[in-house]
């Protein structure tokens, strides 16, 4: 068991693209499985396969290329470079990733209007992401070596995937809807929130 970390480190150095893509895909897919479990539903492996397909074919590859592009365009860890990377990531990268998720999942689910979820949930999800991803990426850009950035984003993406997969299935793209389902899981829908 102790030999897995050196083997993973070697794989990331020798084959950074597939190692990062597979790690990212595995972690985000696990996030989908977790959100199903948190809702008390039976495992829907078909849904998790859809998430895995989308993440491995687009998101993990996009993140791998995007993070390296940001590093080339804005090299270093100086405060101005970090701020510029964060700004570019949130203004350009985040909208692409959120849009691709909602449209991609709608395509894989065979929905008639593949843009409906995007229209209904984009802004809420994007604004929710602004409360999470800048902190993740600040750590990523300032502390994580380039060859591990996609994998690190995948680790943090596990939590994000739990949220965004829930939003795509049941929520409205806000953190409030995700927390509400956790709260109401133990109470009936008629009981509502505790009175103050």
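Going from the start of the chain as shown, residues are counted 1 onward.
From the backbone N, Cα and C atoms, a Cβ is placed for every residue, glycine too.
Per Swiss-Prot, region 'Targeting to peroxisomes' is recorded for 16-55. Under DSSP, residues within the region 'Targeting to peroxisomes' (16-55) fall into helix, strand and coil as 34 helix, 0 strand, 6 coil.
The topological domain 'Cytoplasmic' annotation in Swiss-Prot covers 1-16 (among others). In the predicted model, the topological domain 'Cytoplasmic' (1-16) shows an average pLDDT of 75.
Under the heading topological domain 'Lumenal', Swiss-Prot lists 35-50 (among others).
For 68-90 (among others), the entry in Swiss-Prot reads topological domain 'Cytoplasmic'.
Proximity of distant same-chain residues to the topological domain 'Lumenal' (109-150), defined by a Cβ-Cβ separation under 8 Å and at least 6 residues beyond the stretch ends, is recorded for 12-13, 16, 20-21, 23-24, 50, 60, 63-64, 67-68, 70-71, 77, 81-82, 85-86, 89-90, 94-95, 98-99, 102-103, 156, 159-160, 163-164, 167-168, 171-175. According to Swiss-Prot, the feature topological domain 'Lumenal' maps to 109-150 (among others).
Taken from Swiss-Prot, the feature topological domain 'Cytoplasmic' applies to 168-196 (among others).
Annotation source Swiss-Prot lists transmembrane segment at 17-34 (among others), citing sequence analysis. Sequence-remote contacts of a segment are chain residues at least 6 beyond its ends whose Cβ falls under 8 Å from one of its Cβ atoms, and for the transmembrane segment (17-34) they are 8, 11, 43, 47-48, 51-52, 55-56, 59-61, 63-64, 147-151, 153-155, 157-162, 165.
Taken from Swiss-Prot, the feature transmembrane segment applies to 51-67 (among others), supported by sequence analysis.
Sequence annotations record features per position, and here Swiss-Prot assigns transmembrane segment to 91-108 (among others) based on sequence analysis.
According to Swiss-Prot, the feature transmembrane segment maps to 151-167 (among others).
Remote same-chain residues near the topological domain 'Cytoplasmic' (68-90) are listed as 129-130, 133-134, 137-138, 141-142, 146, 149 (criterion: CB distance under 8 Å, separation of at least six residues from the stretch ends).
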